[in-house]
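Summarising the annotation, Swiss-Prot assigns topological domain 'Extracellular' to 1-49, 113-117, 183-216, 271-292. Swiss-Prot lists Asn17 with the feature N-linked glycosylation site. Positions annotated as transmembrane segment by Swiss-Prot: 50-70, 92-112, 118-139, 162-182, 217-237, 250-270, 293-313. Under the heading topological domain 'Cytoplasmic', Swiss-Prot lists 71-91, 140-161, 238-249, 314-378, citing sequence analysis as support. If you look up Swiss-Prot, you'll see Cys116-Cys194 marked as disulfide bond. Residues or ranges marked as region 'C-terminal cytoplasmic tail' in Swiss-Prot: 326-378.
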Amino acid sequence: MPTVASPLPLTTVGSENSSSIYDYDYLDDMTILVCRKDEVLSFGRVFLPVVYSLIFVLGLAGNLLLLVVLLHSAPRRRTMELYLLNLAVSNLLFVVTMPFWAISVAWHWVFGSFLCKVISTLYSINFYCGIFFITCMSLDKYLEIVHAQPLHRPKAQFRNLLLIVMVWITSLAISVPEMVFVQIHQTLDGVWHCYADFGGHATIWKLYLRFQLNLLGFLLPLLAMIFFYSRIGCVLVRLRPPGQGRALRMAAALVIVFFMLWFPYNLTLFLHSLLDLHVFGNCEISHRLDYTLQVTESLAFSHCCFTPVLYAFCSHRFRRYLKAFLSVMLRWHQAPGTPSSNHSESSRVTAQEDVVSMNDLGERQSEDSLNKGEMGNT
């Protein structure tokens with residue numbers, strides 16, 4: 001099974017081969033015999049497939065719409081659009097793995113060894129990519145607003161493209177354990193499961209991967225977002241540009257939503273690590289953490305459904321893209337043979353109008369920052 005945070009196919013209680021962080025057993029045989037998790041397993045077989053299916057449907061619809069609208073209606077690839085495109089692709093690849101895990105949890109792994117590795121690796125890469133691209137978007141706004149860096153220059157565009165490539169490469173490197181250790185395993189009753197088998201080093205690997213997720217997947221991105229948006233807020237308060245209040249509310253909302261979606265899950269993982277280290281715990285605590293992990297994991301996975309709303313649909317400019325796209329589709333549906341070049345051209349012109357929003361506030365705010373900076377130097 002995937003080793004990062006992916007849904008664990010519900011194995012028999014006390015399976016010592018399972019090295020996913022979503023384990024239902026303790027590390028020593030004596031405790032395994034005492035702490036039965038049959039109720040937890042039964043709950044997961046019903047709850048998780050339903051949640052994974054909802055995430056698949058909502059995430060697929062939202063991110064596919066985001067991707068199509070950006071590709072069709074965006075007049076030129078601004079920096080934010082590039083990040084949104086990559087975020088949409090990452091989210092789509094992430095939600096594509098959900099049906100596989102839903103079937104695996106409800107029944108068992110039926111897709112063979114090759115897909116076991118592919119789906120696990122695909123899950124892990126895009127799990128981190130989604131978080132990293134959100135962080136990059138906050139960095140992009142920070143550079144554009146606080147440091148008034150014009151992002152349309154070739155040097156800035158090259159830097160952003162390099163950063164996008166680095167995000168994919170870094171996520172791929174983090175997912176190496178999925179490629180190496182994940183494989184299918186057959187239980188005594190002939191049921192197949194897909195998970196990582198670290199052999200005698202399972203405990204060390206599980207703890208390492210959990211702490212890695214806590215650090216790279218939550219703590220560092222959260223601190224970066226707090227720093228970037230705090231500095232953005234200070235600049236907006238000082239310069240008082242048009243749309244300041246809405247921009248500040250959006251900045252605060254982005255940080256709060258990220259925290260609310262990811263903190264419960266990462267806290268539960270951290271407590272599970274302490275449980276495995278025997279810092280505290282008994283069977284009752286183990287049961288509660290198992291239930292909590294299933295719920296908080298589902299909440300965290302829903303990030304791929306919320307990000308299109310937060311980072312795109314709250315933008316006036318994107319809503320204009322969407323309106324132009326829907327107008328073209330409606331016109332094509334009503335009269336498939338009617339030329340729509342004039343309409344498309346006018347839609348693109350309309351989409352290029354300058355509007356203040358969280359996703360494009362930098363373009364207006366950086367100009368105000370530069371103008372006021374020049375006035376201060378005179």
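From the backbone N, Cα and C atoms, a Cβ is placed for every residue, glycine too.
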Message = Test of understanding: give the count of other CB atoms lying within 10 angstroms of the CB of Cys194 (disulfide bond).
response = 28
Query = Which listed stretch (50-70, 217-237, 250-270, 293-313) has the most C-beta pairs under 8 A with the transmembrane segment (118-139)?
reply = 217-237
Remark   = A correct count of other C-beta atoms within 10 Å of the C-beta of Cys116 (disulfide bond) gives 25
Request  = Go ahead and report the DSSP secondary structure tallies for the topological domain 'Extracellular' (183-216): helix first, then strand, then coil.
outcome  = 18 helix, 9 strand, 7 coil
Query = Counting Cβ pairs under 8 Å that are 6 or more apart in sequence, does the total for the transmembrane segment (50-70) and the transmembrane segment (250-270) reach three or more?
reply = no
Task = By DSSP assignment, list the helix, strand and coil residue numbers for the topological domain 'Extracellular' (271-292), in that order.
result = 16 helix, 0 strand, 6 coil
Inquiry  = For the topological domain 'Cytoplasmic' (238-249), how many residues does DSSP put in helix, in strand and in coil?
reply    = 8 helix, 0 strand, 4 coil
